[in-house]
Amino acid sequence: MTLEAVPSPLPPATAAAVTELARAAAQSDGVNPLSERTLLHLDGEHPGDLHVLAYIGEPGTLGVSGLQTVGDLVGYASLAPDSSAQLVVAPRARRQGTGTALLRLLLDHGGPGLRVWAHGRLPGSDELAARLGLGVTRELYFLRRMSGPLPKPVWPDGIAVRTFEPGRDETAWLGVNARAFAEHPEQGSWTSSDLADRMGQPWFDPRGFFLAVESETGAVAGFHWTKVEDSVGEVYVVGVDPAYQGSGLGKALTIEGLRHLQEDRGLSSVVLYVDGTNTAARALYEKLGFTTAALDVQFGPSDAL
Ligand SMILES: CC(=O)SCCNC(=O)CCNC(=O)[C@H](O)C(C)(C)COP(=O)(O)OP(=O)(O)OC[C@H]1O[C@@H](n2cnc3c(N)ncnc32)[C@H](O)[C@@H]1OP(=O)(O)O
Ligand SMILES: N[C@@H](CS)C(=O)N[C@H]1[C@@H](O[C@@H]2[C@H](O)[C@H](O)[C@@H](O)[C@H](O)[C@H]2O)O[C@H](CO)[C@@H](O)[C@@H]1O
């Protein structure tokens, strides 16, 4: 087995093989092994992104033309410029040391700031991490709510709600998102490119992207961006400008998006991700009937814990 670190961009054939590897793992494990950002960054050039390929063959046999066959690829890892990473080994190739080899290479390239996701904290991830001196540095809860009666949203005085208008609201949304998520490891640093990537996805639907605006000034005070992909409805991101936090706006926005997913999109359940340390959001979602369905964790060097 050969390990090869490839700076972005990946050859299209290789990107397709990684996508197929991730699909096979998701089918086998019941959990997507790679995050949305990682999947989005398989295609195209993303400076600073590093791809690691584990394949059956002599070094260099892949060539820049990409993989000869999907069967050649037995593992993949990605390392982002913020030192966050993910790795996946093909179900057919597990317990042969490929995961250990991928993680060692990530440590070599990522250094002490490395943070490796284990989506679903599947069997073996803790053991693999501990073997290389890594411990849990972050918990991301995956919550689910079955459809049912919703309270009516109570909007703060002077606030109106409308949906996102492409070509009009991008700059204002980036601003309120950055302010709302100033303390978040990823969300607050989204750029116009990150937003455009997602607006270009088949699931993007401005009719499910709610903005709370000041009636007098039109300024965006908060938002609830919903997502429906593969028939799964998600509270994708809810954010409230710090100036409005504690005003009831987050609850009203969350309810508005849940109503849309439940009634306009006819979904029987809704999911979301929330950091374990986010006490405010977790309290809000618990009040609205969300319960824990799974847990993603990030591992980092134990001496960094
Ligand atoms: C799926 C996701 O998007 S997870 C990420 C959610 N977004 C963020 O964390 C971004 C930063 N935080 C925010 O934007 C806001 O704090 C939000 C969205 C979490 C909450 O919005 P707010 O407008 O402040 O919430 P709101 O005033 O509607 O309060 C609703 C409930 O949330 C909970 N809550 C809100 N703030 C807090 C807090 N500081 N501490 C504990 N619970 C809180 C309470 O249960 C509250 O109900 P209550 O006031 O009846 O007790
Ligand atoms: N509630 C949001 C914004 S704070 C959140 O916590 N997002 C996480 C989450 O993102 C999900 C992930 O990318 C899934 O692959 C994708 O299918 C979901 O639609 C996303 O919501 O997990 C990410 C790590 O995997 C994390 O970086 C985001 O901040």
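Our numbering is plain: 1 for the first residue shown, then up by one each step along the chain.
Here the Cβ of each residue, glycine as well, is placed from N, Cα and C on the backbone.
The domain 'N-acetyltransferase' annotation in TrEMBL covers 8-151, 159-305. According to TrEMBL, the acetyl-CoA 1 binding site annotation covers LEU87, VAL88, VAL89, ARG95, GLN96, GLY97, THR98, GLY99, THR100. The acetyl-CoA 2 binding site annotation in TrEMBL covers VAL238, GLY239, VAL240, GLN245, GLY246, SER247, GLY248, LEU249, GLY250, LYS251.
TrEMBL feature annotations superimposed on the structure.
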{"residue": "LEU87", "record": "acetyl-CoA 1 binding site", "CB count, 10 Å": "25"}
{"residue": "VAL89", "record": "acetyl-CoA 1 binding site", "CB count, 10 Å": "25"}
{"residue": "GLN96", "record": "acetyl-CoA 1 binding site", "CB count, 10 Å": "14"}
{"residue": "THR98", "record": "acetyl-CoA 1 binding site", "CB count, 10 Å": "22"}
{"residue": "THR100", "record": "acetyl-CoA 1 binding site", "CB count, 10 Å": "13"}
{"residue": "VAL238", "record": "acetyl-CoA 2 binding site", "CB count, 10 Å": "23"}
{"residue": "VAL240", "record": "acetyl-CoA 2 binding site", "CB count, 10 Å": "25"}
{"residue": "GLY246", "record": "acetyl-CoA 2 binding site", "CB count, 10 Å": "10"}
{"residue": "GLY248", "record": "acetyl-CoA 2 binding site", "CB count, 10 Å": "15"}
{"residue": "GLY250", "record": "acetyl-CoA 2 binding site", "CB count, 10 Å": "21"}
- Just the number: how many Å between the Cα atoms of GLY248 (acetyl-CoA 2 binding site) and GLN96 (acetyl-CoA 1 binding site)? 52
- Among the binding-site residues VAL89, THR100, VAL240, GLY246, GLY248, the ones with a Cβ under 6 Å from any atom of ligand 1 are VAL240, GLY246, GLY248
- Message: Please report the Cα separation of VAL89 (acetyl-CoA 1 binding site) and VAL238 (acetyl-CoA 2 binding site) in Å, rounded to an integer.
- Response: 33
- Note on the structure: Those same-chain residues, other than VAL238, GLY239, VAL240, GLN245, GLY246, SER247, GLY248, LEU249, GLY250, LYS251, found with Cβ within 8 Å of the centroid of the acetyl-CoA 2-site Cβ atoms are GLY222, TYR244, ALA252, LEU253
- the domain 'N-acetyltransferase' (159-305): DSSP-derived helix, strand, coil residue counts: 56 helix, 48 strand, 43 coil
- Message: I'd like the per-state residue tally for the domain 'N-acetyltransferase' (8-151) from DSSP, helix first, then strand, then coil.
- Response: 55 helix, 36 strand, 53 coil
- Expressed to the nearest Å, what is the distance separating THR98 (acetyl-CoA 1 binding site) and VAL238 (acetyl-CoA 2 binding site) at their Cα atoms? 38
- Item | From binding-site residues LEU87, GLN96, THR100, the one whose Cα lies nearest VAL238 (acetyl-CoA 2 binding site) | LEU87
- Message: Quick check for the class: what is the C-alpha distance, in angstrom and rounded, between GLN96 (acetyl-CoA 1 binding site) and GLY250 (acetyl-CoA 2 binding site)?
- Response: 47
- Provide, as an integer number of angstrom, the distance between the C-alpha atoms of GLY246 (acetyl-CoA 2 binding site) and LEU87 (acetyl-CoA 1 binding site). 38
- Message: Taking only the residues in the domain 'N-acetyltransferase' (8-151), give me the average pLDDT of this model.
- Response: 92
- Query: Other residues with Cβ within 8 Å of the Cβ centroid of LEU87, VAL88, VAL89, ARG95, GLN96, GLY97, THR98, GLY99, THR100 at the acetyl-CoA 1 site?
  - Reply: ALA54, VAL74, GLY75, ALA93, ARG94, ALA101, LEU102, LEU128
- Message: Over all pairs within LEU87, VAL88, VAL89, ARG95, GLN96, GLY97, THR98, GLY99, THR100, the annotated acetyl-CoA 1 binders, what is the largest Cα to Cα distance, rounded to whole Å?
- Response: 15
